[in-house]
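*Asks:* Pasting a structure below so you can have a look.
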Amino acid sequence: MKFSALLPVFFLLLAVIDYCQAFAFLAAIPSILSALGKRDVKTQKYVDIKRRDLDLDDMLSKLFED
């Protein structure tokens, strides 16, 4: 597919996105999607604890291997 064939699709997509910005719930979709991928303080705390527990379990298993 040629790049020149995709150009009208790109402009149509821009027009649709611009039109959707008028609706509050559609305008919130990009921010919601970006927030899904971010770590917040609450979840990061549990990730760190889990990682420390795995490191501790690994260390204890190496100590008691003998």
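Glycine residues also receive a Cβ, built from the backbone N, Cα and C atoms like all the rest.
Swiss-Prot lists 1-22 with the feature signal peptide. The leucine amide feature in Swiss-Prot is assigned to Leu36; the stated evidence is a curator's inference.
Provide an account of the burial state, proximal residues and distances for the features listed.
*Replies:* Only residues 6 or more beyond the boundaries of the signal peptide (1-22), in the same chain, are considered here, and none has a CB under 8 A from a CB of the stretch.
Annotation note: Leu36 (leucine amide) sits in a helical segment as assigned by DSSP. Contacts of Leu36 (leucine amide) defined by a Cβ separation under 8 A and a same-chain sequence distance of 6+ are given as none.
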